[in-house]
């Protein structure tokens, strides 16, 4: 007895007491919380069924994994936290060495049946196997989810678009009489915390997250918490890989007006450029969804440029046709000239090559060129002396007529040379059409691009 008192005095003097050992199982035993106890897992944890269970929800956006415009799918990676109160759970931490929270398997307790309306595929990531309870009866579940959800894409301003995708949380079967939902943070807090934890955003820029609560108007309806994620597309790659190449093709089409219309090079060049734009349109068709209510501006951009280039191609065909008519007329004139040359040769056997170009007439009539080595007196038959005076008068008259004919020959030669240098009628018409169309084409292209880019900018 004295030894026991001595030991007690020794512990009292040194201030050392044996510590009480506690475990989480002691808390669970105190609560009679185990897998076989249906009180905790079978029904909603309220002692009065008329009292609804308040479920607090917190959602953070961890990553934007993908946005599929064609299928209108939004694939984010989110963190969700659900909290609610279990009226059957409570203990005094002082009785259990200060233990105020315990982690236990999720299947042991009742969990609210909260789903996401927009989810189209089952979450492939396994749910969290554990949940946490505290001494006041609050239960907390953390989950990481890869959501494949549907999102209505508004692609009118693609690729300068801003998308709003909703994640709507609600109970599957419980109405407002059983479960009331409330967000644990407001829009500002959700946005800031999501930016802090954001790891990847794919081709998007996260702008904000707006939290909206739709409270049930009656007890048979359901509360819904909507998280609206707003994001803006990073458009630089689409500008470089799509918009600029189409604009380059348009510039090439404008530059093709400098190519000569005589050959077929201009026509084949324009057809090649038009086919290149068609290939880009096929690529665009693979990106944009077919269920859009409005025609996207980028589709108008491609269709408009395609139509302008097609109009330019038709104009080139028209100009080529007009110039071909002149070419055909030139060939016919050349054939007529050859026939006239044959006529001249047949009409004048002493026809000199040096005078061939100057002696072409519109009819097969040939002028006899008097040779300088032969005088009219030699050509005339021998006459009597009495007729010599008459012969000389005729000689002077013929000489005068010959001079007049030479002057007419020179005049006709000059007119024919000017006619050769001057282009044909249809060629002149084609050049005027080409000039007018180029001015019209440049004006329409400028107005079209200015209006389209203003609409892109203003939305």
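Heads up, the Cβ atoms here are built off N, Cα and C, so glycines get one too.
What TrEMBL records for 40-234 is domain 'Neurotransmitter-gated ion-channel ligand-binding'. As annotated by TrEMBL, transmembrane segment applies to 236-259, 271-292, 298-322, 436-456. The feature domain 'Neurotransmitter-gated ion-channel transmembrane' is assigned by TrEMBL to 243-453. The coiled coil annotation in TrEMBL covers 391-418.
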Cβ pairs under 8 Å between the transmembrane segment (436-456) and the transmembrane segment (236-259), at least three: yes
Surrounding residues of the transmembrane segment (298-322) on its own chain - C-beta under 8 Å, 6+ positions past either end: 158-159, 242-243, 246-247, 249-250, 253, 256, 261, 264, 266-267, 270-271, 273-274, 277-278, 280-281, 284, 288, 426-427, 429-430, 433-434, 437, 441, 444-445, 448, 452
Long-range Cβ neighbours of the transmembrane segment (236-259) (under 8 Å; 6 or more residues past either end): 158-159, 203, 265-266, 269-270, 273, 276-277, 280, 283-284, 298, 301-302, 305, 308-309, 312, 316, 434, 438, 441-442, 445, 449
Surrounding residues of the transmembrane segment (271-292) on its own chain - C-beta under 8 Å, 6+ positions past either end: 69-72, 153, 155-156, 158, 242, 245-246, 249, 252-253, 256, 298-299, 302-303, 305-306, 309-310, 313
